[in-house]
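J.: Relevant sequence annotations retrieved from TrEMBL are reproduced here:
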| type | residues | note |
| --- | --- | --- |
| DOMAIN | B:23-544 | domain 'Cytochrome oxidase subunit I profile' |
| TRANSMEM | B:51-73 | transmembrane segment |
| TRANSMEM | B:93-118 | transmembrane segment |
| TRANSMEM | B:130-152 | transmembrane segment |
| TRANSMEM | B:176-200 | transmembrane segment |
| TRANSMEM | B:212-241 | transmembrane segment |
| TRANSMEM | B:261-285 | transmembrane segment |
| TRANSMEM | B:297-319 | transmembrane segment |
| TRANSMEM | B:367-387 | transmembrane segment |
| TRANSMEM | B:407-427 | transmembrane segment |
| TRANSMEM | B:439-464 | transmembrane segment |
| TRANSMEM | B:484-506 | transmembrane segment |
| TRANSMEM | B:597-615 | transmembrane segment |
Amino acid sequence: MRNARRAIVAGSGMAAALLAAPRPACALGWADFPMNYLTTAGVKERPVVALTWGLMGISIAVIVLISLFVLVGVLRRRNTDVSLPEATRIPVVRPRSGLAWISIGVGVSTVVLLGMMGWTAVTMAKIARPPVDPAVTIEIRARQWWWDARYESGDPTRIVDVANEIHIPVGKAVEFKLQSDDVIHSFWIPALGGKTDVIPGQTNMTWLQAERPGVYRGQCAEYCGKQHGHMGIVVVADVPEDFQAWLDGQISPAREAASQQVAEGRDRFIQRCGACHTVRGTRAGGALGPDLTHLMSRGSLAAATLPNKIAYLSGWIANPQTIKPGAQMPNLEISGPELASIRSYLETLK
Amino acid sequence: MSATEYERTPAIAEKGYETPLAHDLEAIWESKPGIRGFLSTVDHKEIGIRYLVTSFVFLVLGGIEALVMRLQLAGPNKSLLTPEQYNELFSMHGLTMIFLYALPVLSGFSNYLFPLVLGSRDMAFPRLNAFSYWVYVASGIFMYASLVLGFAPNDGWFSYVPYALKPYNPGPNMDFYALGMIFYGVSTTVGSANFVVTFLRMRAPGMSINRVPILTWGTVTVSFGNLFAVPAVSLAFLMMWADRQFNTHFFTPETGGQPLLWQHLFWMFAHPWVYVVVLPAMGLVSDALPIFCRRPIVGYTVVVLGTITTMVLGFGVWLHHMFATGLPFLALSFFSAASFVITIPSAVAVFAWIATIWTGRPVITTAFLFFAGFIAMFVIGGVSGVMTAAVPADRQLTDTYFVVAHLHYVLIGINLFAVMGALYVWFPKITGRLMSERLGRWNFWLVFVGFNLGFFPMHVTGLMGMPRRIYTYPDGLGWDTLNLITTMGAFVLAIGILLLLINLAISRRGGAPAGPNPWDGPTLEWATPSPPPPYNFPVIPLVASRHPLWEERLGETEAGHSEIHRGPVLADGKEALATTALDAQPDVILKMPEDSYAPFVVTLAMAVAFTGLLLANWWVAGIGGLAILIGSLVWLWPEAALAQKARRPA
């Protein structure tokens, strides 16, 4: 699971194999397109996928039919045997009125359009509300250019913030409250559901429900500035027991430093990074960047931009502005030994 | 003096182009040579040509921007451009193509053709016409100055707030765009007013409203549309600029403003605008395609009604750009339904063209190839648009490359294909020379293949989840190959357009002489020499049918015979005839204004004023404003020569 999660980040098409879609005989399958929305793993998306295929089928049929009409019409009685502009000495006539083309063509089009309209309305009614009451509510706060997700709970000690990787329980509806403090973003997990914009000053609601376990990549879908292209998000659908275990793990504070070396790394982290990042259980309490309390539980870094591997982590800490130019995280001019020390601490944040 | 003293019944005479009268008219109507004439001319043909040339310059600029973006996107994780450079390029590309190319190129055709096809001597307001062109150029230069100075708009042509506001966008980038668009809106507004009045009052006697060429219907419909749509966007950009400059908080959520307000105002303008840049192009095809099918268009009346219906409905679908903004489904369902319904009038046009081809005898010229291709591209862009009308499907499709493909099929397919075909048709009228058909075939096939190779795969890229407006993308998502194909297609398309430009350049001097009516067309412009003289017609033609030059052959003579060279003589100075709005009964003799520097000077003053606003230098802005006022006074100062006089001045 962990490997797959890394792969889907940007590294390789392997992740795709996890999307349990049937693989057609041709060389490329749906699974080679983790962001496609012609297949789905979501309850909400199932009627939409049917609608999209249906509309597309009708569209392709219309294109083929009309193109044939044009092509045959052109070839049937064409004049190419005369040179220009003599060609236009062909007499002008007013033959049949041809109005039947319009009345039949437009009549059929109208019936088809009304059918599509009805199908659309029925689909809208189907996806407006989840089939069962949501089991989990997640407050998404979209930022330039990453995602904060807060799991709500009636018990204040069980409210927890995670970043860029959300886990949800399979088979249960999950409600999302979408908020932004900066510009407009759009929350989009293609395999599970369509887009809902995240607009400052208002809270938009949406819901998703995964049918089967998997790792589903999403991406911000409303232009939001320089790093709009690197604002990915990953949704991991777990069986309910795994989800509960994951959530409990996230709620717990960071583990204590087990050695003097790690404790030094922690102090350096607090000093250099703590103004922007939070690690619960330490004095690092910044809120500008992602919560890093359980960084190592995530498959990716920098909003699904890099796989969460040590080499990438080092590169990111040393030089975020090369990887995501314009990102809020500055190049901190961290020395080699300092970087190694901070990294050795981050590695313990399981 | 009472009004009756000015009454005058013009003589009816038979006069051709080689008569003393024509020589008199030539002297009366011609502009001064050299730079003075260049800056002061109000000749609609000259202005039309300038519109065409200028819009093609912007087409090339926007095209180069697109090619640079396509290089950046040719493969994953490329770093040819920084994110900011990419964002500025896609913003400039969009605003260039949509505002500085797509409408102005159609205005070029309309400006050139309106008086010629309507049997008139000029537009209703010739100076306003010159003004609308100068303002278009000035606002285009204003917006492009940002690119030269390194502060190009970077929030797309749609400029969503709050990203467009100061906290996220502190540079002058968005000020250039906001002020540039207000400036540009002046050009569109006065141009539209001119087309509306010209259409209603400047038609030849007898050209009742059901006898006008369809291209004028297309233009007049969208001109009406513009008069309602442009104020929304000018207001929106003014509010944005005020938010940026004076912290007015129209759009800032933390102080009670509403980001969605921007989207409503913008799309209330921008969706109708889509029809604004396609309906006149459809009109050009509806008039030109039948020439090559050797028969009148099938269903003139329904095609015209379809044009008008599309524009009206076009005002009721703006919310389909906002299906993902969290608005309630009940509201969305209305706009979804309207977006399906708007397809019906377009279907009317498509079936009318197909019926015209089927029941005619098509002559396969380059122009005809472009029109046939246009129909196919129209349908592809149309049905992909229908898919986005379905709210649930759209919430996946929107903001992916599927929509990029859709909008390019609409804009290139319906606008550029029609424009290129129309150039092959009317270039001989404008220059007196035919374009090379040999180069034309290469031109068409390269454009057709390149366009489809470039843009058809984008549908698939979108269905595979690639979002729009991202400066790069990772590998492993299956987008690499499709993007490479798109980049290759874009370059083939560019070569095709380059061939068009070469053909234009070569044929201007070296093309075969065209004669007045190379295609045997039915409408009045084909009764004039190529190129037409400054006064267009020696006498005002009298029109008795929809196809004055075909009516004998078609037997359309139940209302009498059209007379091209026999009609009212109007030669006491610059004169034109106004007719009644519906039946085109002769109504009043118009004294047309002479050439004038005023439109150019007022435009310069406006450029100064807008530059002052941009720099927040209120002195400069004030001086510019004062200059506008003085310039307008001079422009509008009453002139005795413009009053009706019974007798020719000595």
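Cβ from N, Cα, C; glycine included.
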J.: With pairs fewer than 6 apart in sequence excluded, do the transmembrane segment (B:93-118) and the transmembrane segment (B:597-615) have three or more C-beta pairs that lie under 8 Å?
T.: no
J.: Can you work out the mean pLDDT of the predicted model over the domain 'Cytochrome oxidase subunit I profile' (B:23-544)?
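T.: Averaged over the domain 'Cytochrome oxidase subunit I profile' (B:23-544), the predicted model reaches a pLDDT of 96.
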J.: For the transmembrane segment (B:261-285), what are the same-chain contacts with Cβ under 8 Å, counting residues 6+ beyond its ends?
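T.: That would be 98, 102-103, 106, 109-110, 158-161, 164, 213-219, 221-222, 225-226, 228-230, 232-233, 235-236, 239-240, 250-251, 307, 310-311, 314-315, 317-322, 325, 349, 353, 371, 374, 410-411, 414-415, 418-419, 421-422.
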J.: Spell out yes or no: are there three or more C-beta pairs under 8 angstroms between the transmembrane segment (B:93-118) and the transmembrane segment (B:176-200), with each pair 6 or more apart in sequence?
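T.: The answer is yes, given that the two segments have at least 3 Cβ pairs within the 8 Å cut-off.
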J.: Short question: which residues 6 or more past the ends of the transmembrane segment (B:367-387) have a Cβ under 8 Å from it?
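T.: Sequence-remote neighbours of the transmembrane segment (B:367-387) are 285, 288-289, 292, 339-340, 343, 346, 350, 353-354, 357, 393-394, 397, 402, 405-410, 412-414, 417-418, 420-422, 424-425, 440-441, 444, 448, 451, 456, 459.
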J.: Using a Cβ distance cut-off of under 8 Å, indicate which of B:130-152, B:176-200, B:297-319, B:439-464, B:484-506 has the most pairs with the transmembrane segment (B:212-241).
T.: B:176-200
J.: Which range wins on Cβ pairs under 8 Å with the transmembrane segment (B:407-427): B:51-73, B:176-200, B:439-464?
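T.: It is B:439-464 that shares the most Cβ pairs under 8 Å with the transmembrane segment (B:407-427).
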